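So that you can see what the record holds, here are the features copied from TrEMBL:
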REGION    1-30  region 'Disordered'
COMPBIAS  1-19  compositional bias 'Low complexity'
DOMAIN    72-110  domain 'ShKT'
DOMAIN    177-212  domain 'ShKT'
Amino acid sequence: MTSTTQSTLSQLQTIGTTRPPIPPTRDSGCQDNPSVNCSLYNSAVICDLQGTHYVWARKNCRLHCGLCHKVCRDDPDVNCNLFNPTALCSPDGGYHEWASIKCPAFCGLCPHETHTFLSTTKISSTEPLKACKDRLDCRVYNSTLICSKTSIYYPWSQLHCPSFCGFCHAPTRIVPCRDRLTNCDEYSSDLCINPLYRLWREENCRKYCGVCTGFDVETDYSSVLG
């Protein structure tokens, strides 16, 4: 990879999340796994504390995800004891993301290491497309970075993420525009606009957030993964 390419990649902002500033307990020796290009991934997905990829991200992309802390403790600038733990710490509440950053010890949200890791795939093959199916759950990636025709990952994305990148027409289905949850109005006021919650709201609060109206044409994702 040339220095020009590296410079370009470093300037690309990952789609997804703007996290609060890292508390003063940051570990100066904290860094991402040098064998993993963490900027390739969608931080809203891999850095999500409740997501399936979080353990892998904490192991390999600590700096990228803002997880550089020596110890799991509450932000000293926040008096977490002033808050109602039921409202603040609930995983279904609108404050959970903030609480996981500012009051993890108070809320019992300190992460624990396990031995679950995300599988990796070499970006090397350029074999032709056959069906409009993704070989991976490509929603974990940064579409701006992997789907652009000028990207060094473009040949790889053509092979592995054709549906996600819109290189072909995936099967769709017409469904009523409705919310999966009945209490979307109880979540934080930025639920419908915060990029951090994009995948979640598209899955659970489509009607409430205006993602669809009337009837909705959606990708049949069960038929997209090959």
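Any Cβ shown, glycine's included, is placed from N, Cα and C.
Just so you know, TrEMBL annotations never went through curation; they're auto-generated.
In terms of DSSP secondary structure, the domain 'ShKT' (177-212) contains 13 helix, 0 strand, 23 coil. Counting residues of the domain 'ShKT' (72-110) by DSSP class, helix then strand then coil, yields 19 helix, 0 strand, 20 coil.
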